[in-house]
Ligand SMILES: Cc1cc2nc3c(=O)[nH]c(=O)nc-3n(C[C@H](O)[C@H](O)[C@H](O)COP(=O)(O)O)c2cc1C
Ligand SMILES: C=C(O[C@@H]1CC(C(=O)O)=C[C@@H](OP(=O)(O)O)[C@H]1O)C(=O)O
């Protein structure tokens with residue numbers, strides 16, 4: 001089982017993650033992880049924090065000479081901004097209690113975790129909430145996702161993401177189910193990580209106008225995974241269903257409010273005949289589908305078609321235009337003060353969504369196949385791919401062979417017993 005945990009505050013010294021359950025002998029490239037980290041920092045519409053940080057990770061356990069050892073892998077990321085926050089974020093107790101109060105955050109922002117977190121954990125200083133609820137944590141998920149993507153790539157599975165919509169402006173992608181390279185190149189060339197340059201210009205204009213008005217924007221991201229073996233996840237128990245697990249993974253990203261698989265909410269408006277992905281077979285491909293409305297998942301399992309997962313991100317809650325709130329000390333109404341913030345972070349969120357989907361897929365792969373060593377895992381996946389193109393238990397059940405199979409004899413015996 002793949003397990004991970006993340007730790008760290010937004011303006012604390014360092015973010016950390018520990019991941020356990022990776023096979024031994026998996027090649028891990030720090031450079032590839034750092035490329036993903038840099039992608040998450042990009043995207044038009046972000047605030048000034050991203051000018052301070054240059055996210056470069058360090059691996060401090062579980063990898064030797066570029067290969068995993070099978071022991072827990074620890075990844076850490078220093079916050080460059082910490083040097084500006086040392087007195088606010090110190091570990092030692094503050095001598096001067098009044099200074100502590102003077103610095104406390106006591107004006108909760110609507111749409112953020114501030115108010116509820118303060119009530120729940122008895123925090124009189126809402127900074128104790130916002131430091132951890134901040135999406136700075138998503139940097140660690142991207143590091144984890146890159147490790148997962150490196151594992152998947154060596155098994156022939158690719159994961160990529162793009163921005164489908166910002167502030168109501170939609171740009172659709174043409175998906176090449178064999179290679180996501182083209183999509184990745186288009187996304188890399190776009191300041192908003194979209195795939196249609198006409199739409200892109202409109203989006204940039206909208207972000208500029210929104211920022212000027214002191215407002216913020218949300219949007220929709222789409223993650224695509226290709227090359228998935230058939231049968232990851234399971235229909236046998238609620239918490240094994242891969243569609244449900246992917247939804248949780250995507251919803252766990254800050255500010256995500258909805259998830260769709262395949263045509264998602266649009267399915268509500270269609271006839272059954274329009275959306276079931278009809279089955280076909282040929283020897284090279286094995287079983288495949290004539291369409292992909294259901295996003296590559298049936299019964300909580302991958303069906304071999306590209307996986308399509310979308311997530312909707314609400315607009316950023318911290319606005320330059322003040323919103324009505326209440327001071328938790330005085331209980332008086334006030335209008336929230338202006339703070340440093342992003343105007344939109346949908347592009348960055350697409351990179352995070354790609355990462356969390358990759359982690360969930362890696363988890364599902366490791367559940368299905370033996371994986372003490374990476375070579376063993378690769379061999380098992382290759383064998384299974386051959387099998388699933390032409391499953392042998394079905395081959396013996398052709399008309400000529402059917403009377404000779406064990407299950408046919410059992411069925412005959414059962415029928416006789418009933419008579
Ligand atoms: C990449 C990314 C960047 C974000 N940047 C900000 C930001 O600058 N300011 C802000 O108020 N919220 C930002 N958010 C959203 C908040 O973290 C989020 O709304 C908050 O933690 C409350 O959680 P919830 O929206 O999931 O309920 C960002 C989210 C993501 C994914
Ligand atoms: C630090 C990141 O995003 C931050 C997420 C965030 C929030 O409230 O979620 C608020 C902002 O932080 P700050 O108050 O330091 O400017 C963003 O910059 C990051 O993505 O690495």
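Quick reminder: no glycine exception, Cβ is built from N, Cα and C everywhere.
Unlike curated entries, TrEMBL annotations are predicted automatically.
The feature NADP(+) binding site is assigned by TrEMBL to 40, 46. Listed in sequence order, 55, 138, 139, 142, 348, 351, 352 are the same-chain residues at least 6 apart in sequence whose CB falls under 8 Å from the CB of residue 40 (NADP(+) binding site).
According to its DSSP assignment, residue 316 (FMN binding site) is coil. Taken from TrEMBL, the feature FMN binding site applies to 132, 133, 134, 254, 255, 299, 314, 315, 316, 317, 318, 340.
Counting only same-chain residues at least 6 apart in sequence, those with a Cβ under 8 Å from the Cβ of residue 316 (FMN binding site) are 216, 217, 218, 255, 341, 342, 343, 344, 345. Residues 134, taken from the binding-site residues 40, 132, 134, 255, 316, are distinguished by a CB atom under 6 angstroms from ligand 2. Rounded to a whole value, the Cα-Cα separation of residue 314 (FMN binding site) and residue 46 (NADP(+) binding site) is 15 Å. Contact annotation for binding-site residues (40, 46, 132) versus ligand 1: none, no CB falling under 6 Å from a ligand atom. Cα spacing between residue 318 (FMN binding site) and residue 46 (NADP(+) binding site): 12 Å, rounded to the nearest whole number.
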